[in-house]
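If you check TrEMBL, you get these features:
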type: ACT_SITE; residues: Lys75; note: active site
type: BINDING; residues: Gly10, Gly11, Thr12, Ala13, Val195, Leu345, Ile358; note: FAD binding site
type: BINDING; residues: Lys75; note: 7-chloro-L-tryptophan binding site
type: BINDING; residues: Glu354; note: L-tryptophan binding site
Amino acid sequence: MIGSVVIVGGGTAGWMTATYLKAAFGERIGVTLVESEQVSRIGVGEATFSTLRHFFDYLGLDEADWLPKCAGGYKLGIRFENWSKPGEHFYHPFERLRTVDGFTMADWWLELGDRSMPFDRQCFITTALCDNKRSPRMMDGSLFAAGLDGSLGKSTLEEQRAQFPYAYHFDADAVAQYLAKYGTDRGVRHIVDNVENVGQDERGWITHVDTKSHGKIEGDLFIDCTGFRGMLINQTMGGEFDSFSDVLPNNRAVALRVPREEATEMNPYTTATAMSAGWMWTIPLFRRNGNGYVYSDQFITPEEAEQELRDAVAPGRDDLQANHIRMRIGRNKQSWVKNCVAIGLSSAFVEPLESTGIFFIQHAVEQLVKHFPDERWDPRLMRDYNDRVGHVVDGVKEFLVLHYKSAQREDTPYWKEAKIREMPAGLAERLELSGSHLLDDETIYPRYHGFENYSWNAMNLGLGNIPPRARPAIKHLDPANARREFANLKAEGEAMVAALPSCYEYLASIND
Ligand SMILES: Cc1cc2nc3c(=O)[nH]c(=O)nc-3n(C[C@H](O)[C@H](O)[C@H](O)COP(=O)(O)OP(=O)(O)OC[C@H]3O[C@@H](n4cnc5c(N)ncnc54)[C@H](O)[C@@H]3O)c2cc1C
């Protein structure tokens, strides 16, 4: 019987893991979380995936309670600025493409669409809500997308049938604190101390961790949530790390927390703006923005990156403290080794583009519960876990490389190099195919990785990698139904913009 779990690390990964295990197993498993006061959390990780709702519902938490306590906001998608031409923008929304007579609206757009207008504004309705800074909820709290509201209960990513229309922005430290209270209220033993040493038996299995002031902490299963240092999985177990720097060169970030003094407006989306040697995130929280420049230090120094970021988002605010971060991009070949499982940055990180870090944590904790071991430590459970966790990361890697390959921008050495850099073999095949027709479920990355075909097509078309013509079959079809659907999309978008409050107005009402 595996009765006790020891988690080292109290960042988003540590607390999401502790609370999820408690929600799943209750008193049947003892959970201890040790976190150091001397090693700070990464302090970023404020934009999420639409799937995160399953996590909060699993814990039985109500959005109206936790979101205001975590300075939260809504994210209907990501707005990409200047990735192809200066001044141009498009959205990657959380919205599936509708289908008419067997072809998606993006296929129909290639034949019937107005090429003077961006594809995303014609094929999705969420883009109208983004352009007009609308909340996805009415003032009475009801959701604009009918049939998708209400708690999902203890459901997991595998059960996600519909595309939920939004994700969250939140203050990462506030979320860790909120979850810490939830966890300790439900019996998580919380120890604030530094782990100085990790004890192993003769087979290399972890027996305990030694802390500075609380002595030895023993357990059956040890979870490494120590961030990029991978104290247990890499430093102790010697787990091999597979770097992605051959295909994704960004290795640093510099972040700034910028107060919004005139906080009467708020964007309901993350913005990803292309910069001279990388890109910048803007994440609107209730009273401030999180900003950060993700870059490769082959092309720009940390000082230059900080200056470019300050000039863009906080001119004259030299009082704001910049947080410089080195990123370890890649994944452990195996995130579960013997009785040690790495979750969070200690396991894998691709890069902040598309906000997948917290999604990886959510996926990993769900899979850990599904593959939870007993005293036999069945290697097939561990193998299957490692396979799934590996594929989620590898699929995201391919999808993110596509962003750089399909972007039309080539005005600086960084963007020129992006075009000639290596890419994963599977992606090369997919891009070759997408020159002829749009990708579908059979031609995107074939294993679960959190992105569906609409995302791959939204990015390709938005970035300007557009097949020259529609599938030949479309010419033989009656276009009447598709034309009607384009008109419906436009009318529904306009009606929603008229009916919904602004994002700020709604959030202000739940922050009262
Ligand atoms: C630049 C950047 C931007 C990002 N943006 C996003 C985003 O927008 N969306 C998203 O989903 N993800 C994002 N991520 C990823 C996200 O930040 C992480 O997935 C998330 O914060 C989890 O971090 P963590 O808990 O693994 O590590 P950390 O936050 O680094 O926490 C590590 C913990 O380990 C503890 N610790 C370390 N050593 C010891 C020791 N010896 N003894 C005891 N405790 C110890 C520390 O005290 C700390 O509590 C981003 C990451 C980076 C680098």
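Cβ atoms are placed via backbone N, Cα and C, with glycine included.
Automatic prediction, not curation, is the source of TrEMBL annotations.
Overlay of TrEMBL annotations on the structure.
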residue : record                    : contacts (Cβ under 8 Å, 6+ apart)
Gly10   : FAD binding site          : Leu33, Val34, Glu35, Arg41, Ala176, Ala180, His190, Val192, Cys225
Gly11   : FAD binding site          : Glu35, Arg41, Ile42, Ala172, Ala176, Cys225, Gly227, Gly344, Leu345
Thr12   : FAD binding site          : Arg41, Gly45, Ala172, Val175, Ala176, Gly344, Gly357, Ile358, Ile361
Ala13   : FAD binding site          : Cys225, Gly227, Ile343, Gly344, Leu345, Ser346, Ile361
Lys75   : active site               : Ala47, Thr48, Phe94, Tyr166, Ala167, Tyr168, His169, Pro268, Tyr269, Thr270
Val195  : FAD binding site          : Val8, Val34, Ser36, Val209, Asp210, Thr211, Thr226, Met231
Glu354  : L-tryptophan binding site : Ile78, His92, Val396, Phe399, Leu400, His403, Phe451
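Of all the Cβ atoms in the protein chains shown, 25 others lie within 10 Å of the Cβ of Ile358 (FAD binding site). Among the recorded positions listed (Gly11, Lys75, Ile358), Gly11, Ile358 have a CB atom closer than 6 Å to some atom of ligand 1, in sequence order.
DSSP gives Gly10 (FAD binding site) a coil state; it is part of no helix or strand. In this view, Leu345 (FAD binding site) is surrounded by 25 other Cβ atoms within 10 Å of its Cβ, with every protein chain counted.
Largest Cα to Cα distance within the recorded FAD binders Gly10, Gly11, Thr12, Ala13, Val195, Leu345, Ile358: about 24 Å as a whole number. According to DSSP, Glu354 (L-tryptophan binding site) sits in a coil region rather than a helix or strand.
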